[in-house]
Amino acid sequence: MWLPKLLLLLHFSLQLQIPTLAIKKSYVVYLGAHSHGPDFSPLDSERVTQSHYEFLGSFLGSREVARISLFYSYTRHINGFAATLEEEVAAKIANHPNVVSVFLNRGRKLHTTRSWDFLGLEQNGVVPSSSIWNKAKYGENTIIGNLDTGVWPESKSFSDEELGPIPSKWKGICQNGIDSSFHCNRKIIGARYFNKGYASVAGPLNSSFESPRDNEGHGSHTLSTAGGNFVPKASVFGFGNGTAKGGSPKSRVAAYKVCWPPVEGNECFDADILAAFDLAIHDGVDVLSVSLGGATTAFFNDSVAIGSFHAVKRGIVVVCSAGNSGPADGTVSNVAPWEITVGASTMDREFPSYVTLGNKRSFKGQSLSPRALKSGKFYRLISSVEAKAANASAEDAILCKPKTLDPRKVKGKIVVCLRGENARVDKGQQVLQAGGVGMILANNELTGNEIIADPHVLPASHINYSDGITVFTYVNSTKSPRGYITPTTTKLGTKPAPFMAAFSSKGPNTVTPEILKPDITAPGVSVIAAYSEAQGPTNQVFDKRRVPFNSVSGTSMSCPHVSGIAGLLKTLHPDWSPAAIKSAIMTSARTRDNAMEPILNASNFKATPFSYGAGHVQPNRAMDPGLVYDLSINDYLNFLCSLGYNATQIEMLSEEPCRCSKNIRLTNLNYPSITVPNLSGSITVTRTLKNVGTPGTYRAGVQNPAGMVVSVKPNYLRFKRVGEEKSFKVTLKVKKPEAAKDYVFGKLIWSDGKRYVRSPIVVKAA
C-alpha cells in the first residue's frame, strides 16, 4: 500500500513546485504630453523611447525585459507606450504619480452598415455652392488625414491631376512596406500602417499586413468622401451616374491604416490608434477623419479621445462618427467635447425598385442590383418561413440565414426575407444559392422606414416595415401569391429628406450628460464613393464582382462629409480654431427637411437633438456663421478639472503649471449647445460669442422646451469689429415639472436679420 501513497505525495509535491503562469495582456500607458521644441529630431525620439524602457523596467526588473514587453513608444506629441503586461503590473503602473491612465488595448469597430445591421456629396443643400468652393479654393493645400483601413491608390478619386507641389509643411512619408505597387502622389501625400496593437491580440502576422493598401474598401470610401478629386461619370453599376467629388476635392490626403480583419468582432485597436494620432499630428494634417469607435469610457481610457485631444491642442480639427447602435437611446460614441461627432441621415437621392403584387398593389423599395427579372412576368412568391429547410428553425429561416432555405421550395420563386442579424446582401445570396430568382427584403419594426440600396447579387428590393407587413400578409393569405420586382432606377429630389437613419447612434451622452452628442448629422445612407478593387461591392466571399465606386451606409459615411466641410473652412478661415469651425458647422445647421417639416426618425416620429445634435449640416451657411462659440485648450483643461482630474494630471496634459478652480461647472463650457440633465428649480448658464463676420447687432430669440421658461440677458449684443467677444446668461426655470420629467427640447437663436446662430437647448427636470 505504501507505493500508491508515495506516488500520490510525489504528485502533489510536483504540483506545488510548478509556478502558475500569469496571463499577460496588452495595455496602453498614457503619460500625458511631450514638451518638444520645434527642432525635435530622431535623437530626441530615441531618448524618449529609452526613458520609457527605463520607466517600465523599474516595474519589470530590468530594461531588457521592458524592451521585450514594450511594442509602441509614443514619442512625438503623445507621451506614453504600449506593452504586454500582467494585470498586477499594470495596476502598479496605474498608481504611479507620473501616470495619467493605464488601460487595456481594446478593440473598436468601423462604423459602417455595409454588410451587417447594427454594427458622395450628391445631395441638394449639402454640396457646397460653386461660389463657396471657389472662395475656399476647393480645399486646396488643406491636408485631410483618415484613420481607417488604408487607401486604394489607383482610384481616380486620388488622381493628382491639376494639383501643385506638395505643401512645404508636410513631414509625412509613404510607408508602402512590402507593397512595391503602392505609390503616393501629389494627392495622396502620405500613407502609414499600424498593426502592432492588432498583432498583440491576433498573434503573429504574415507579410500581407505590411502595407497601407485598402483591401477592404472602407478607407477608400471615407477618404474620397472627405477629399476625393473630381471624377466624371462615376456610378455603381450605372446607377447614380454623375461627377464624384469629396467635400474638399482639391485637398491633399493621407491614409493612416489602423483597422484590419476582425478579431472577436473588433478591427481597430487602441494602441494602433494612438500611434496613428501621434504621427498624424507630427506629419502636419489639418483635419483628421475618424470613422470608427467603441463603447464609451472615461476620456483618458479612450484612445480616440486622447489622440483627438492632442490633435485639437495643435489646431487640428477632429471629426468622428457617432456609431451605428441606434435607434436605442444613450448609444452614441466618441463623446469628448473637443471632437465633432456626426450622426447619419438620408439624402434626397434614391434608387427605387418597386414590388408589385398579384393583387395589383405596389410598394416602393430600394436596390442597387444590376440584375433584373424578365419584363412583365409575375413569379411565385414564398415566405422564407414557408421555404425553410427541414432542419432549420422558423426564427432563422425568416431571416434567410445560411442553410435555412429548401431549394425544392425556393426554385424559380421570389423569396420574402426579414431584415436583421445577418448581412442584407447575404440573405440574397442564400436565396440565389437555393435557386430563387429574386428577393424582397422587409424591414423589422426597429428599422422602420430606413431602406438601403445594396448591390445585391440577384434582383431584389428593400421595403419598409409597414409595406413588409402587407407583403407577408398577402403571401400568407393567398393560395398562389405572385409578384414582380421592377428594375432599379435613379431618382433625385426625393421628399421628405433628410430623415434620420435607424442605425445612427443617439444621445444622451453617457460620459458627460451635460455635453450634447452627437453634434451634427450628415448624409450617411447609400453614399457613393471610391472603393477598393480587392473586394466585391458586398464584401462577401461569394462576390467576385469589382467596382471602382460603391454605395455604402453608416455614420462612417456621414463623418467624412463633415471632415470635407471642415477642410473647406480651414482653407477659407485659416485662423479659426477647431472649436470655431465646430461652432460654425453646428449653429448653421437645419432641423427641417426639404418639405419644410421637422426632421423625422426612421419610424416617422419627430426626431430630436439626441439624434441630430444641432441639425443637418449646411456647408454654405457654415462658411459665414456671423458668430461662433469659441474654446481654447485651457477651456478643455478646466472642463477636465470639473470632472475630477487633479492638478498633477492636468499639468501632464498642458505641459505647464496648472491650477484647477473648484468653481467650474460643466454646464458653463462654452459649447454651441446647452444641456442640463437634472434641473431642480432653475439654473443660469453663461456663454460667450465671438464675432467672425461684419459688425452688427444680434437679438436673441427662444423656443422654450415644454414645461420650461428660458430667458436671456442681455437679449441683444452689438459687435463693432471682428474678433470682439461678448458674454450673456441663459436662465432655465422649471415651470411644469410633470411636462419635463423626460428630456425636452428647445432652441436659442441669435440673429442680425441675415444670419441665424442656432443652439439646441436640452433639459430634463430633476
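In case you wondered, yes, glycine gets a Cβ from its N, Cα and C as well.
Just so you know, TrEMBL annotations are computer predictions that nobody has curated.
Over in TrEMBL, the protein carries these features:
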| type | residues | note |
| --- | --- | --- |
| SIGNAL | 1-22 | signal peptide |
| DOMAIN | 26-111 | domain 'Inhibitor I9' |
| DOMAIN | 139-615 | domain 'Peptidase S8/S53' |
| ACT_SITE | D148 | active site, charge relay system |
| ACT_SITE | H218 | active site, charge relay system |
| DOMAIN | 397-468 | domain 'PA' |
| ACT_SITE | S556 | active site, charge relay system |
| DOMAIN | 668-763 | domain 'Subtilisin-like protease fibronectin type-III' |
List, in sequence order, the same-chain residues at least six positions removed whose CB sits under 8 Å from that of S556 (active site, charge relay system)?
L110, H111, T112, H218, H221, T222, S291, L292, S321, N324, G524
Count the other Cβ atoms sitting within 10 Å of the Cβ of H218 (active site, charge relay system), across every protein chain shown.
29
Go ahead and report the DSSP secondary structure tallies for the domain 'Inhibitor I9' (26-111): helix first, then strand, then coil.
34 helix, 30 strand, 22 coil
By a simple count, how many Cβ atoms lie within 10 Å of the Cβ of D148 (active site, charge relay system), its own Cβ left out?
29
For the domain 'PA' (397-468), what does DSSP give as the number of helix, strand and coil residues?
19 helix, 15 strand, 38 coil
